[in-house]
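Asks: This is the structure I want to talk about, given as structure tokens.
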Amino acid sequence: MAHLNQNFISSIEHDLPSHLTMEDFIRYSNKPLRLSIRVNTLKISTADFIALMQPKGWTFTAIPWCENGYWIEQEHKVQLGNTIEHLQGLFYIQEASSMLPPTALFAQAHNSSQQYVLDMASAPGSKTTQIAALMGNQGLLVANEYSASRVKVLHANIARMGVANCALTHFDARVFGEYMYESFDSILLDAPCSGEGTIRKDPDALKNWDNNDVKGIVNTQKELIDSAFQALKPGGELVYSTCALSRKENQEVCLYLKQRYPHAVEFINLSTLFPEADKACTAEGFLHVWPQIYDSEGFFVAKIRKTASVERLLPAPRTQKNFPFKKASAKQVTELTQYLKTAFEITLPKEADVYVRDAEFWLFPALFQPFIGKMRFQRIGMKLADALKKGFKIKHEAISALTTPTTVELSDAEAQAFLMGRDIALLEKVPPRGETVVSYAGCSLGMVKHLGNKLKNNLPRDLVKDKIARYPSE
Ligand SMILES: C[S@@+](CC[C@H](N)C(=O)[O-])C[C@H]1O[C@@H](n2cnc3c(N)ncnc32)[C@H](O)[C@@H]1O
């Protein structure tokens, strides 16, 4: 049963649009959320994923605002996060309304080239990984997160989902306007908020709700949206979203921006974003999703176009020296490319550059180059391989993100054993193949050393699980 304190009810009654009732709001707040997932098209097509999961007892209902999002029901209730398909990054467990902001950001983009994208408050990465899929792993996606522990979760999700076009930063996002003035084509500010919309997931979310706490959050939101607008290129687009319900954290933050930059802020009307979007549309053209409208969590989404350049608020900081990477030499690139091609049939993407730091080889999105020295990055692109005394050793991240056609396909039981860190015995002795990629459902799972009579497990220790959930028929 959701705990709605009286202060919250009084405040929300004030903000609820006249065509919705408080009774419905309370009724839906007490209803369990429908389970929803997003298929990771960086790894598998939606059709193949449905064909894989239907025989395992899943039923799919399409989410109208996300091409690859589904409400699902499971015939056999297993812990989704521990399934093989989840661990290999074929899908992301994501609340349906949380899929709205990236859809809005990529819908009918005014500037059709969304090459430089910033996600200002990213962890745990639901929307970052959705954006990377919408970008098809091209361009450059800068994903920022302020909390150190949440940066780790963000990175784990990016790696699991095979995202290759991302650079991670760890800042209070208020710095972007100063450090990255008018640098991005598109920005998502999924702002820290009071989380009122999450009551169906967390019945205690509003137990201690206090109007005074909201005031502090609103100041942060205004500073963050200002910084986002400074970092946006003229002609660029910004989506501001929260899972809060009050006008203060939503409409008023956007109106504040318009007041600050009246000549440069244009609100884009979202009433036709998907069929029935008008049901949640406000007078300003924002989507204010109350739980009872689409039987989802509460959410707010505003799309804003920057129609003109704005005056820079703070001077450009000095260029940062001591970038620890350098571009790999032509000889190094040739040797590495040959190793990847011969051993794994991997061809490196054209829009990426190989960088080297000590004995580590990294793949950076090509568009990253102009950002060198502008700010400190936690992690850029992905680690490709380590240099050995003779040759290289490919990293798991690269196997996960790059297509590897030559693989040994594992059965359900073998995939389970692999993810639990175990070696896999082969029924017949065959000539050893050395480093080999193993796959499940046609998608790579990781690497083994093929010894002829067994596959020696090479899964990184931090990815080994104690428990894997399997469906009864498997
Ligand atoms: C609503 S959550 C983001 C959810 C995320 N976009 C997703 O879809 O998975 C807001 C995030 O902002 C982070 N945060 C809080 N204050 C911040 C700040 N000043 N700058 C950047 N991030 C901040 C929080 O740690 C939290 O992870």
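Numbers here mean position along the shown chain, with the first residue as 1.
Each residue, glycine too, has its Cβ placed from N, Cα and C.
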Asks: Given that TrEMBL annotates A121, S122, A123, P124, G125, S126, K127, D172, D190 as binding S-adenosyl-L-methionine, state which candidate in E95, E145, E182, E196 belongs to that site as well.
Replies: E145
Asks: How many other Cβ atoms are found within 10 Å of the Cβ atom of A121 (S-adenosyl-L-methionine binding site), counting all protein chains shown?
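Replies: Here the count is 22.
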Asks: So what pLDDT does the domain 'SAM-dependent MTase RsmB/NOP-type' (25-307) average out to?
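Replies: Within the domain 'SAM-dependent MTase RsmB/NOP-type' (25-307), the model's average pLDDT equals 94.
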Asks: Would you measure the largest Cα separation among A121, S122, A123, P124, G125, S126, K127, E145, D172, D190 for the S-adenosyl-L-methionine site and round it to whole Å?
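Replies: So the binding residues stretch over 19 Å, Cα to Cα.
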Asks: Can you give me the Cα-Cα distance between A123 (S-adenosyl-L-methionine binding site) and C243 (active site, nucleophile) in Å, rounded to a whole number?
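Replies: Their Cα atoms are separated by 14 Å.
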Asks: For D172 (S-adenosyl-L-methionine binding site), what is the tally of other C-beta atoms lying within 10 angstroms of its C-beta?
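Replies: I get 12 for this one.
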Asks: Can you tell me the CA-to-CA distance separating G125 (S-adenosyl-L-methionine binding site) and C243 (active site, nucleophile), as a whole number of Å?
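Replies: Answer for this pair: 15 Å between alpha carbons.
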